[in-house]
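Chemist: The following feature annotations were taken from TrEMBL:
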- 1-23: signal peptide (SIGNAL)
- 56-157: domain 'SRCR' (DOMAIN)
- Cys82-Cys146: disulfide bond (DISULFID)
- Cys95-Cys156: disulfide bond (DISULFID)
- Cys126-Cys136: disulfide bond (DISULFID)
- 186-298: domain 'SRCR' (DOMAIN)
- Cys263-Cys273: disulfide bond (DISULFID)
- 322-423: domain 'SRCR' (DOMAIN)
- Cys391-Cys401: disulfide bond (DISULFID)
- 433-542: domain 'SRCR' (DOMAIN)
- Cys509-Cys519: disulfide bond (DISULFID)
Amino acid sequence: MTGSWSLHCHFIVLLCGWQLIHAQYESLGYPQSYLQPEEEHYSPPELPPDTPRIQLRLAGEKRKHNEGRVEVYYDGEWGTVCDDDFNIHAAQVVCRELGYVEAISWFPSSKYGKGEGRIWFDNVHCTGKEKSLALCSSNGIGVSDCKHTEDVGVVCSDRRIPGFKFINTLTNNIDSLNIHVEDVRIRAILSSYRKRVPVTEGYVEVKDGGSWMQICDEEWSQMNSRVICGMFGFPSEKRYNTRVYKMFARRRRHAYWGYSVNCTGNEAHLSSCKLGHPVSLKTNQTCGQGTPVVVSCVPGRAFAPTPMAGYRKAFRQEQPLVRLRGGAVVGEGRVEVLKNGEWGTICDDNWNLVAATVVCRELGFGTAKESLSGGQLGQGMGPVHMNEVECSGFEKSITECRFNMDSESLGCSHEEDAGVRCNVPAMGFQQRLRLSGGRNPYEGRVEMLVERNGSLVWGTVCGEGWGTMEAMVVCRQLGLGFASHAFQETWYWPGDVNANAVVMSGVRCAGTEMSLAHCLHHGAHISCAKGGGRFAAGVSCSETAPDLVLNPQVVEETTYLEDRPMFMLQCAYEENCLASAASQTPANSYRRLLRFSSQIHNNGQSDFRPKASRESWVWHDCHRHYHSMEVFTHYDLLSPNGTKVAEGHKASFCLEDSECDEGIEKRYECANFGEQGITVGCWDTYRHDIDCQWVDITDIKPGDYMFQIVINPNYEVAESDYTNNIVKCRCRYDGHRIWMYNCHIGGSVSTETEDTFPGLVSNQVIHR
């Protein structure tokens, strides 16, 4: 029995692995459910002859292409559906009728804006099994006492029904119907493009009714190409050699889709484009004078198939005006813009897919999969630079769009920070890595696919030196979010025994790489003393992560000097909180301490918890408290050229919620051996008058200095953004008093301003 169950488990693992390897177009953002075994194929519904013939579409102010206000076409007119008695079963019927596998949720009260025309359905009651919304019971088609403030909307899954066949029963209304197909792809045709990653040029093919078909190019436009390229992660389209493709087309027979496509160029996805005219095919399956549609896309610099690496050092890249922060994967994050030398955020009022797409294209990605609101990817710091952004969709930069400059007076806070998720090219990285042996898909031993002696084999990664940054890259590569833990041995996770051999060692990542193969590592000569198997590297991933940010104003406002007698510093001396010269200081003499307060906010999406569990915290008898992290903060005083002249550090003796934003309850308190941590929306304050909250500057001469604070300096705990873990200040000491000024968070100001602080670290790992 045990053997058959083990064989069954291995079959399931192999099946999931096979689908992961063969899944295409992960850049379209399909959820994990897309990798599950497919359902039964779609069969066109057979409706009773007396069923009212309707068509559905999703319209309105969308944040994804697969959501919107439900609109119904009947009797020559588009109308809406009232939210009275509407539920998830009715949403299920709508989504299935539109070709999506299922409904995720639904929204009442015209969330996607008020529609126009008749309200065709009211008091709809569905079981969820109906083949058409027209088969659900209601007041009767066109019978309603609702207003358009009650228009209902739905959110459908990204996944399309396998074998879905678009059936147009209302041929007199083609121009206003959206395109519904099972899948879309760019298929490389020319040999010079077939081996390139990503695929940037080829036939546009749609899957309808389970078959891949080309599109006739007779009515194809540049705007259509723009939408296709954007879907696949490319910011723009370009011309291609039509003569070569015409020659190729003459030699092949093509299966053409029966319709043309009509896009405005602003759509985030082909399914938002309108269906064009039916294509009349000749008997030999050609489309008039046309050939199959070909697109050629321009990839962003990070995804160019042949990057010009030799030229990167020859020029200094211009300071970008826009950046993404706090996202788990490439092309995702909170939108930040540079204005007057300072980085700030965008308020989410009126934030939509069109504006989000402008950001994505500007950064070298494709169209936006989703426009995010409400600080979903963590809250930013500093000013809110833009509000009520309105874009045409063709701007080169989000800064060219119209917006309300008076965001602060309109009450915009960082709780309303806007974010994006962009389409990025399918680079194939996800198929070269897997997690094995874990209890769920988010954890396990890291196994890598490499070429050995001409064949592809799976192997493990050496656990020596494996840390949070390396785990971050693995989780990103697999699309599993952030790393929550990195493991240097994985004996408790039985991976594939055929993959025990070590295929990579000496891995060192900066944390920003798209693939583990991009990190520094040993070459062909593997060096791993303990070997793979039980000592292989492992990770656990999480969809969310904390984000610690130090308040620079508090540092600037609370700085002062204290001359403290040595006999009152014995505990601090034992914890190495004084300069090395203190060992020679008589008990009746003084040490001069630069003191200040630290206010550490958690602006992320999950609580900040110490790496060590409470059972392994270390008791310090002198201060009568537990240390949960060996080093939590570094304090450094540097000369103007960046040389360190004095230093301090803060052991994390007590991580707790000192205060919280309104409406958030404290969860962590150190008293009585309580749990330690910082809740999202709360902050931990290390007051200026507690031990070790200082830098010993007794032996420092008067002059101008730079002061630097780094939180979580050893990257012991995973965060969504490490660049904001540092505060930098200018400092003047006259021998009696000290002044802090120009304090700011690392990365919060322009490159030019940052360059006036030479020698300071950016809190981004280069090589450890």
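Using N, Cα and C of the backbone, Cβ positions are placed for all residues, glycine too.
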Chemist: Among the disulfide-bonded residues listed here (Cys95, Cys136, Cys156, Cys509), identify the one with the smallest other-Cβ count within 10 Å.
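Modeler: Comparing Cβ neighbour counts within 10 Å for the disulfide-bonded residues Cys95, Cys136, Cys156, Cys509 gives Cys136.
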Chemist: Can you name the residues of this chain that are 6 or more positions from Cys146 (disulfide bond) yet have a C-beta less than 8 Å from its C-beta?
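Modeler: Within the chain, Cys146 (disulfide bond) has Cβ neighbours under 8 Å at Cys82, Asp83, Asp84, Ile119, Asp122.
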Chemist: Out of Cys82, Cys126, Cys391, Cys519, which of the disulfide-bonded residues is least crowded by other Cβ atoms within 10 Å?
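Modeler: So among Cys82, Cys126, Cys391, Cys519, the disulfide-bonded residues given, the one with the fewest Cβ atoms within 10 Å is Cys519.
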Chemist: Just give me the nearest neighbour of Cys156 (disulfide bond) among the disulfide-bonded residues Cys126, Cys136, Cys401, Cys519, Cα to Cα.
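Modeler: Going through Cys126, Cys136, Cys401, Cys519 one by one, the Cα closest to that of Cys156 (disulfide bond) is Cys126.
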Chemist: Given a separation of at least six residues and a C-beta threshold under 8 Å, show me what packs close to Cys263 (disulfide bond) in the same chain.
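Modeler: Those within reach of Cys263 (disulfide bond), by Cβ under 8 Å and sequence separation of 6 or more, are Ser221, Met223, Asn224, Arg226, Val227, Leu270, Cys273, Lys274.
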Chemist: Using only C-alpha positions, which one of Cys391, Cys401, Cys509, Cys519 is spatially nearest Cys126 (disulfide bond)? These are the disulfide-bonded residues in the record.
Modeler: Cys391
Chemist: Please report the Cα separation of Cys136 (disulfide bond) and Cys95 (disulfide bond) in Å, rounded to an integer.
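Modeler: Cys95 (disulfide bond) has its Cα 14 Å from the Cα of Cys136 (disulfide bond).
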Chemist: Taking the Cβ of Cys401 (disulfide bond) as the centre, count every other Cβ atom within 10 Å, in any protein chain shown.
Modeler: 18
Chemist: Using C-alpha atoms only, work out the spacing between Cys391 (disulfide bond) and Cys95 (disulfide bond) and round it to an integer in Å.
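Modeler: Distance (Cα to Cα, whole Å): 29 Å.
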Chemist: Tell me the Cβ neighbour count for Cys273 (disulfide bond), meaning other Cβ atoms within 10 Å of its Cβ, over all protein chains shown.
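Modeler: Other Cβ atoms within 10 Å of Cys273 (disulfide bond): 20.
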Chemist: Can you give me the Cα-Cα distance between Cys509 (disulfide bond) and Cys401 (disulfide bond) in Å, rounded to a whole number?
Modeler: 37
